[in-house]
Amino acid sequence: MSAPGADFDTERDLRAAQKAEVLVQALPWLERFAGAVVVIKFGGNAMIDADLEAAFADDVLFLRRVGLKPVVVHGGGPQITQMLAKLEITSEFRGGLRVTTPEAMDVVRMVLTGQVQRRLVTMLNARGPLAVGLSGEDAGLFRAQRRSAVVDGEPVDVGLVGDVSRVDPLAVADLLDAGRIPVVSTIATDEADPTQILNVNADTAASALAVALGATKLVVLTDVEGLYSAWPDRSSLVSLISAAELEAMLPGLDAGMVPKMEACLRAVRGGVPQAHVIDGRAPHALLLEVFTTEGVGTMVLPDEAAAGASSE
């Protein structure tokens with residue numbers, strides 16, 4: 001604080017003024033989202049960059065401390081690939097899906113629940129002892145049905161891979177009611193064989209969980225700024241899009257963006273008021289999305305809400 005009568009220090013005092021402006025701007029959003037469930041899909045480069053991972057943990061704990069109810073859902077593709085290579089287990093993708101043999105499934109399970117999740121829980125708990133790890137197989141959280149890939153128009157068996165078909169959110173809801181931060185790894189129990197575990201896509205699992213919890217927001221972290229209408233033209237970043245507009249764009253999107261945007265579409269069509277894709281490479285992007293008027297990335301809204309927002 002400047003002493004009374006002290007000379008104005010431009011750098012110091014403007015920085016303080018900017019911080020005050022940020023706090024003032026955040027207030028209505030703090031009030032609006034008090035008690036709101038926010039499902040965050042953590043992935044991309046933020047999972048393998050220590051500084052970004054630390055910033056993410058700071059953001060999640062901040063959300064919890066100011067009264068929101070964050071739920072973290074994670075995958076672990078790069079870590080799974082690395083471990084499979086280390087163990088000399090063949091790993092290939094068919095039609096965009098990882099071929100998952102029983103041997104590979106053991107590695108998927110080990111990496112997601114024993115490595116990636118443990119690291120996230122540890123980082124969060126270092127900032128406040130609130131995080132609890134859950135697997136999609138715990139308490140019947142995720143059930144899935146096996147699926148195949150499509151290659152050259154033909155179905156191809158990809159092993160122990162499934163689509164989430166049912167969600168029982170009770171265990172997650174109980175943790176939220178207890179003031180905890182659930183950290184969920186995305187494997188699921190096979191609907192047809194409860195003794196078998198399936199590998200499921202983390203984006204679609206996060207979307208299904210957001211719907212089941214009645215979340216206020218789904219936020220998907222990725223490695224681009226958001227959705228582009230004419231990629232790679234960076235000036236074509238879409239800040240707001242309706243569910244109908246997004247559905248029309250899906251067939252022409254880059255393969256890597258399709259599951260993320262489908263997850264957002266399913267979420268808002270399932271009753272989640274807002275879904276977002278944001279750049280996980282930007283430190284504190286999560287806080288910028290939730291607590292600033294401009295937000296970041298791309299926001300997907302139900303058709304009626306998008307029409308109202310566009311006319312404002």
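We count from 1, first residue shown onward.
Using the three backbone atoms N, Cα and C, a Cβ is placed for every residue, glycine included.
Residues or ranges marked as site 'Transition state stabilizer' in Swiss-Prot: Lys41 (among others). Neighbour count (other Cβ atoms within 10 Å of the Cβ, all protein chains): 30 for Lys41 (site 'Transition state stabilizer').
If you take the C-beta of Arg98 (substrate binding site) and look for same-chain residues 6 or more apart in sequence within under 8 angstroms, you find Gly77, Ile80, Ser91, Glu92, Ala104, Val158, Val161, Asn199. The substrate binding site feature in Swiss-Prot is assigned to Gly76, Gly77, Arg98, Asn199.
According to Swiss-Prot, the feature site 'Transition state stabilizer' maps to Lys260 (among others), an assignment based on sequence analysis. When secondary structure is read from DSSP and collapsed to three states, Lys260 (site 'Transition state stabilizer') falls in the helix class. The C-beta environment of Lys260 (site 'Transition state stabilizer'), restricted to residues of the same chain at least 6 apart in sequence and closer than 8 Å, consists of Asp203, Val220, Thr222, Val277.
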| Any idea what DSSP makes of Gly77 (substrate binding site), helix, strand or coil? | helix
| note | Whole-number Å distance separating the Cα atoms of Gly76 (substrate binding site) and Lys41 (site 'Transition state stabilizer') is 11
